[in-house]
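Per Swiss-Prot, these features apply:
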type: BINDING; residues: 17, 68, 99, 160, 262, 263, 264; note: GTP binding site
type: BINDING; residues: 24, 28, 31; note: [4Fe-4S] cluster 1 binding site
type: BINDING; residues: 30, 72, 123, 194; note: S-adenosyl-L-methionine binding site
type: BINDING; residues: 257, 260, 274; note: [4Fe-4S] cluster 2 binding site
type: DOMAIN; residues: 8-234; note: domain 'Radical SAM core'
């Protein structure tokens, strides 16, 4: 195995977020309010199963322990179960997770688990069906809730739920969310609304700091948990009276980037060192054949030397991220 991926600031990278499509069937207000529109940036289409196998094999050789499949909506790919199985072939990958809108969860989650999926994140921005419809553009609240139940029935011990925190939309609904997770092993993760190139107006209207929720959780006796090396960026809190947990993802907080442990590859095979970086490094020409793995690993390692110490969101610089469906949020 090659040496562990480490950048110029001594950060080690154990976690790959791999987008497999930028297509999504939801129209979330903070991501794709006008729905998915093909970009026309490639004539080769999205990464194939073989290309996904090769890129994850290279990252595993460089010390990656966790792969999260993202989109767009990953489950819209007809070969999604085959993709999970391809990643699972590598024993060095200890965790394979997916971030999904839950649209196909009830129908397919048992098959995903059988293929090797170990973790699920479901996007749920409101527990009110009408508000859920207003945010997502889809009247699928009950279907998504049934999907979460199906995940537990399929054998997942915990489900993570992602909730984008928005002022005057859901920031005042903490008690409703807490009641929901009191007897369910759900890690509910509130994610601060992030500014993107297409979402500046929405950001100015609805952004609120997660500090507000953190202060309230601590006041109520919630306890901050230690972070593991392949965990995502959430600050996780638990409470003895709750089966569930609360996570807070606050990218505008000081030192947020100090614990960065993840890299991103887009659905067309570009490596991104940061969600809000300025550009990507093409890997696809080195995904055509198994004999290219050494060159692929070298390109990844060299690219990492250019990773910046921090993002520049505080300067309203969102890089190339026009919306979060492009490189998987």
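Cβ atoms here come from the backbone N, Cα and C positions, even for glycine.
These numbers come from a predicted model, not from an experiment.
On the structure: features taken from Swiss-Prot.
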{"residue": "24", "record": "[4Fe-4S] cluster 1 binding site", "DSSP class": "coil"}
{"residue": "30", "record": "S-adenosyl-L-methionine binding site", "DSSP class": "coil"}
{"residue": "68", "record": "GTP binding site", "DSSP class": "strand"}
{"residue": "260", "record": "[4Fe-4S] cluster 2 binding site", "DSSP class": "coil"}
{"residue": "274", "record": "[4Fe-4S] cluster 2 binding site", "DSSP class": "coil"}
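Cα of residue 264 (GTP binding site) to Cα of residue 31 ([4Fe-4S] cluster 1 binding site): a distance of 18 Å. Under the DSSP three-state reduction, residue 160 (GTP binding site) is assigned to strand. Reduced to three states, the DSSP call for residue 99 (GTP binding site) is strand. Among the binding-site residues listed here, namely 30, 194, 263, 263 has its C-alpha nearest to that of residue 274 ([4Fe-4S] cluster 2 binding site). Regional average pLDDT for the domain 'Radical SAM core' (8-234) in the model is 94. Ranking the binding-site residues 28, 31, 99, 194 by the distance of their Cα atoms from the Cα of residue 257 ([4Fe-4S] cluster 2 binding site) places 194 first. Residue 31 ([4Fe-4S] cluster 1 binding site) has a Cβ environment of 22 other Cβ atoms inside 10 Å.
Residues within less than 8 Å, Cβ to Cβ, of residue 263 (GTP binding site) and separated from it by at least 6 positions along the same chain comprise 5, 13, 15, 16, 17, 59, 271, 272, 273, 300, 304. Binding-site extent for GTP: residues 17, 68, 99, 160, 262, 263, 264, maximum pairwise Cα distance 20 Å (rounded to the nearest whole number). For residue 260 ([4Fe-4S] cluster 2 binding site) paired with residue 30 (S-adenosyl-L-methionine binding site), the C-alpha to C-alpha distance reads 23 Å. Most Cβ neighbours within 10 Å, among the binding-site residues 257, 260: 260 holds that distinction in the structure as shown.
Within 10 Å of residue 99 (GTP binding site), judged by CA to CA distance, lie the following binding-site residues from the set 28, 31, 72: 72.
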